[in-house]
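Structure record follows, encoded as structure tokens.
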Amino acid sequence: MMQKIQRFGSAMFVPVLLFAFAGIIVGISTLFKNKTLMGPLADPDGFWYQCWYIIEQGGWTVFNQMPLLFAIGIPVALAKKAQARACLEALTVYLTFNYFVSAILTVWGGAFGVDMNQEVGGTSGLTMIAGIKTLDTNIIGAIFISSIVVFLHNRYFDKKLPDFLGIFQGSTYIVMISFFIMIPIALAVSYIWPMVQSGIGSLQSFLVASGAVGVWIYTFLERILIPTGLHHFIYTPFIYGPAVAEGGIVTYWAQHLGEYSQSAKPLKELFPQGGFALHGNSKIFGIPGIALAFYVTAKKEKKKLVAGLLIPVTLTAIVAGITEPIEFTFLFISPFLFAVHAVLAATMSTVMYMAGVVGNMGGGLIEAVTLNWIPLFGSHGMTYVYQILIGLSFTAIYFFVFRFLILKFNIATPGREKDEQQETKLYSKKEYRERKNKDETASAAETADDTAFLYIEALGGKDNITEVTNCATRLRVSVKDETKVEPDSVFRALGAHGVVRNGKAFQVIIGLSVPQMRERVEKILNQ
């Protein structure tokens, strides 16, 4: 059950990967339309402003079509076969569901307490999805419907029908079944969701009122649950869902950047919900402190090697906000250190929130700069000065706390391991190429294919693998016999940052190239 929950959580990350670039475009466009910074150039009737307005509207694509992206994205990770067809089925069924909801509320809206004559948005509980006026179920509805379609797809896509009904096989069969299932679901949603919307409104008020305590708990859970893969369920309702802001913090913040840039009111007063998106500060300020502590406490003869390991993963965490490569270098060595990391991350976010820092800062430096500092520094500069000062203070706190704990408890962090060589059955890439009669001067693609093959071998071979999926940085694999899987040292030798083991379920921490690695692994498995 835990494995299924983890896979479901990782599936939500597929569309999330699209938000980074879109956020940068919106942030830069807002900056170049800001009258305070650009002066006469920011005249709405001028060519400069109009050009950036056009560019900005393109950047809004993923924010304005979030439910559609989640409906299409879920099958990419969860469909076990014919993922492209599963995406088409999910989109078709999701639109069908919304047409049913729209029709039901148009005919019987009074019975369900919904007035379809209202304008969409605001407190109406209504929205437009692909031109359909329907209940605003946000990404929750999209994920729910898409998950049903994926279940039906995995179960019935290959079902053989009589020859005279052959035209209804495959995707058509899934859509047919789903069509009739959507009718009672649409009825149920039309009855239940207005009550849920009322509850969400109360939840938003409660979480905002919880203030610093709520921010601490949220940030702590977002960090501490990373090893389980369940952290997706913590941040997604806040960042992309309606837990504290209509449309999610990402969308709401981007929509109001222009307004905030023109206001002299404190940011915390303008958008108190922004305290629930400060968890990226631990990536920008906390990780450097951890990395420095690892380097300082490493053995003298291993410092150069440790620096080579830490510099790229630290920069990845700071700039892109991807922390798993460095966090997994010490998570399994010392879970206690990871718990300390979660406590410090939560405390940093809370202190910043109490100092008036809010915004969309769940990622790395790119997100902080383009969606916060650049567009808003002109009118809220001191807020970000406080943020940087607090952040650098916590960099020092991280360093001294981690250094003390590593030395006090003699923790075998990178560069402090015992010099023991583990024997492995896995042959090297060179030996593999020789066995395959391949030229040593292989292309990058061929080398990547070799690595994929070696990962398969490390996981017990093709016959031992039953399922392969991925999230942002992890290759998630189910195997028949976990005893055939090689030790972690083998995976690290291949370039992995670590391995999470949970019975027959394995998560190989590869990094941002994991989607390409999954494709290569699947290609080899299907040969």
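Keep in mind that glycine also has a Cβ here, set from the backbone N, Cα and C atoms.
As annotated by Swiss-Prot, domain 'PTS EIIC type-1' applies to 1-418, with the evidence given as sequence analysis.
Annotation comment: Swiss-Prot describes 8-28 (among others) as transmembrane segment.
According to Swiss-Prot, the feature transmembrane segment maps to 59-79 (among others).
Among the features that Swiss-Prot reports, transmembrane segment is placed at 93-113 (among others).
The transmembrane segment annotation in Swiss-Prot covers 132-152 (among others) and is backed by sequence analysis.
Using a Cβ-Cβ cut-off under 8 Å and counting only residues 6 or more beyond its ends in the same chain, the transmembrane segment (173-193) has close neighbours at 89, 92-93, 96-97, 100-101, 104-105, 108, 112, 114, 125, 135, 137, 141, 145, 148-149, 152-153, 156-157, 159, 161. Residues or ranges marked as transmembrane segment by Swiss-Prot: 173-193 (among others).
Under the heading transmembrane segment, Swiss-Prot lists 200-220 (among others), citing sequence analysis as support.
The transmembrane segment annotation in Swiss-Prot covers 224-244 (among others) and is backed by sequence analysis.
Here Swiss-Prot flags 276-296 (among others) as transmembrane segment.
What Swiss-Prot lists as transmembrane segment is 305-325 (among others). Through the fold, the transmembrane segment (305-325) approaches residues 20, 226, 280, 282-284, 287-288, 291, 294-295, 298, 362-367, 414-415, 472-474, 497, 509, 511-512 of its own chain, all at least 6 residues removed from its boundaries and within a Cβ separation under 8 Å.
Per Swiss-Prot, the feature transmembrane segment maps to 326-346 (among others); the stated evidence is sequence analysis.
According to Swiss-Prot, the feature transmembrane segment maps to 357-377 (among others), an assignment based on sequence analysis. Within its own chain, the transmembrane segment (357-377) has Cβ neighbours under 8 Å at 20, 23-24, 26-28, 30-31, 34, 235, 239, 249-250, 253-254, 257, 260-261, 267-268, 271-275, 277-281, 283-284, 317-322, 383-384, 386-387, 390, counting only residues six or more beyond its boundaries.
According to Swiss-Prot, the feature transmembrane segment maps to 382-402 (among others), an assignment based on sequence analysis.
Averaged over the domain 'PTS EIIB type-1' (449-527), the predicted model reaches a pLDDT of 86. Taken from Swiss-Prot, the feature domain 'PTS EIIB type-1' applies to 449-527, supported by sequence analysis.
Residues or ranges marked as active site, phosphocysteine intermediate in Swiss-Prot: Cys471. Around the Cβ of Cys471 (active site, phosphocysteine intermediate), a 10 Å sphere holds 24 further Cβ atoms from the protein chains shown.
Packing against the transmembrane segment (59-79) from elsewhere in the chain are residues 7-8, 10-15, 18-19, 22-26, 29, 86-87, 89-91, 94, 129-130, 137-139, 141-143, 145-147, 149-150, 153-154, 240, 247-248, 250-251, 254-255, 469-471: each is 6 or more residues past its ends and has a CB under 8 Å from a CB in it. Using a Cβ-Cβ cut-off under 8 Å and counting only residues 6 or more beyond its ends in the same chain, the transmembrane segment (276-296) has close neighbours at 207, 214-215, 218-219, 222-223, 235, 238-239, 243-244, 249-250, 253, 303, 306-307, 310-311, 313-314, 317-318, 321, 323, 326, 329-330, 341, 344-345, 348-349, 352-353, 357-365, 367-368, 387, 391-392, 394-400, 402-403, 406, 413-415. Within the domain 'PTS EIIB type-1' (449-527), the DSSP-based counts of helix, strand and coil residues read 35 helix, 22 strand, 22 coil.
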